[in-house]
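Student: OK, TrEMBL features for this one:
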| type | residues | note |
| --- | --- | --- |
| DOMAIN | 17-299 | domain 'ABC transmembrane type-1' |
| TRANSMEM | 20-41 | transmembrane segment |
| TRANSMEM | 53-74 | transmembrane segment |
| TRANSMEM | 158-178 | transmembrane segment |
| TRANSMEM | 244-264 | transmembrane segment |
| DOMAIN | 333-567 | domain 'ABC transporter' |
Amino acid sequence: MLKQFFSYYKPHKRLFLIDFFSAIFVALLELAFPVAVQSFIDRLLPQENWGLIATVSILLFVVYLLSTFLQYIVSYLGHKLGINIETDMREQLFTHVQRQSFTFFDNTKTGHIMSRITNDLFDIGELAHHGPEDAFISIMTFTGAFSIMFYVNPTLALIALVMVPFLIALVTYCNIAMNKAWHNMYGRIADVNGRVEDAVSGVRVVQSFTNEDFEINRFKTDNNLFRKAKIGAYRVMAATHSSIYMMTRLLTLLVLVVGAWLSYKNQLTAGELVSFVLYTNVLIKPIDKVSALLELYPKGMAGFKRFQELIAQEPEIKDKEDAMSVKKLIGDITFDHVSFSYDQHKSVLNDISLNIRPGETVAFVGPSGAGKTTICSLIPRFYDIDDGSISIDHINIRDMTKKSLRSQIGIVQQDVFLFNGTVSENIAYGRRNATEEEIRVAAHKAHLDEVIQNLPHGYNTQIGERGLKLSGGQKQRLAIARTFLKNPPILILDEATSALDTETERIIQKSLTELAENRTTLVIAHRLATIRDADRIIVVTNDGIAEQGSYDELLAKNGIFAHLHNIQFDPVTNGSLMS
Ligand SMILES: Nc1ncnc2c1ncn2[C@@H]1O[C@H](COP(=O)(O)OP(=O)(O)OP(=O)(O)O)[C@@H](O)[C@H]1O
């Protein structure tokens, strides 16, 4: 895993090397400083050569300036490296997620994907920046400082060394406690986030049930739990910092007392004593850094592992190596003994065979959950079938590239998804290189042009998050305009279940009829009145295709369709839907 982790440094090798060597240089200067002080006190001061003392002081100042500059480089370039790697990974992950099949999204929570793309990658970026650099520099300064101390006075060095395991034990213990406390806090903030997301996106439901107080109370509870968790984490943090501070001061004091004794015994010069005290401070830094790394490493690596697991998840539906890019299909669709289940356990379609001729309009009706939507989802290959084959114009859809297949199919769903942006941008989603004129023509065909003209900024009106500023009927027409622009030979219409006012419904129905002209059209129908003119109606039940024929033929048959018809047009149950 480490090898894969380091492969992300490759594109930023130069940045890494400049940062890394600058950090080494800073560490070397830090190691040299106590030695310089020692020489200053022991050799320079007794000479009382003030000219030389001034020159050395200026030299030290220059060295300080250099060190400050290098520290800036390390901090800036180090963070730049971290965010560059984080950005690369985020882009890779987003691209990967965009290419996943529907099954992936059926089984993965949006919140989890969001958390992978944001939080996890933030931790990984931090580790990428601090990991190798801090580990290397810490080992280098620690061993460097000890070697010099040992060289100067082995006894005092050994006494200082005795304290180090206690310091490491303390730091490690504190880190475990901190990790636990932060983990708890992260869990609580995730709850708060989830609560906000639910309450904000569901605000219409909340307010229509006048459940604002209920939501506020639930939020208060979660917010309070978060407050407690964070206070707990801060308590652990304060205890950690103060106990580490106490231990390090204890180390300094010990060195000072023993050093003073050795100095009294003439085994240590004044300069050496001062440099020893300074070195104890140099020693503390790597211990601090390593302890921070001990916290960062498991977090970053856990994030990287989750990142890799996601990246390793191959899209279920992939193009064959020799898949062909189909150009203009005419829309002759054949299902040949097709069987399908979403999860291998429960079969949804069993041995379905059917042919839809080019230009034909076929409506699917039947009870809820029978598989009407499923049949239509298989044509653009949103899911792969378990058995049989589906072909268009006698070419198996598995032999086509997904991109070329889907470019031939237009889908108008009942739940229209619009993006935050202008009306024009949303229509152009159907064909992103469309000209303004083409967008206007498409809107006109969808009977939407007049509505748009009356919006405050016409085609440049922002429609708000998910098109909230448009009515249900307007959204439907925008989706139709998009599909006009795409101009596909095959059309799938998932008819809206929600009743629109008669006038709007008439306009939408008219647009849809015009859209369906000269295209093979599949309609997932919920209301029989809208499919009166369909060329063929297919009745789907849990046992498969039960009946098919024209509206009148099916009525005359007096079977399931006639039964559904009677329910819908019965004056008592009038208006009730089949699904
Ligand atoms: N993404 C999915 N994952 C698992 N099961 C699913 C999924 N989508 C649908 N199903 C199941 O497959 C069956 C057929 O569903 P489908 O949506 O095709 O029915 P439908 O006839 O279109 O129903 P409706 O008229 O209510 O929209 C149902 O039992 C449903 O629960």
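From the backbone N, Cα and C atoms, a Cβ is placed for every residue, glycine too.
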Student: Restricting to the same chain and to residues at least six past its boundaries, which positions have a Cβ under 8 Å from a Cβ of the transmembrane segment (53-74)?
Tutor: 18-19, 22-23, 25-26, 29-30, 36, 40, 44-45, 133
Student: Mean pLDDT for the domain 'ABC transporter' (333-567), as a whole number?
Tutor: 88
Student: Given a Cβ distance threshold of under 8 angstroms, which distant residues of the chain, six or more beyond its ends, lie next to the transmembrane segment (158-178)?
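Tutor: Residues 146, 149-150, 233, 236-237, 239-240, 243-244, 247-248, 250-251, 254-255, 258, 276, 279-280, 283-284, 287-288, 290-291, 294-295.
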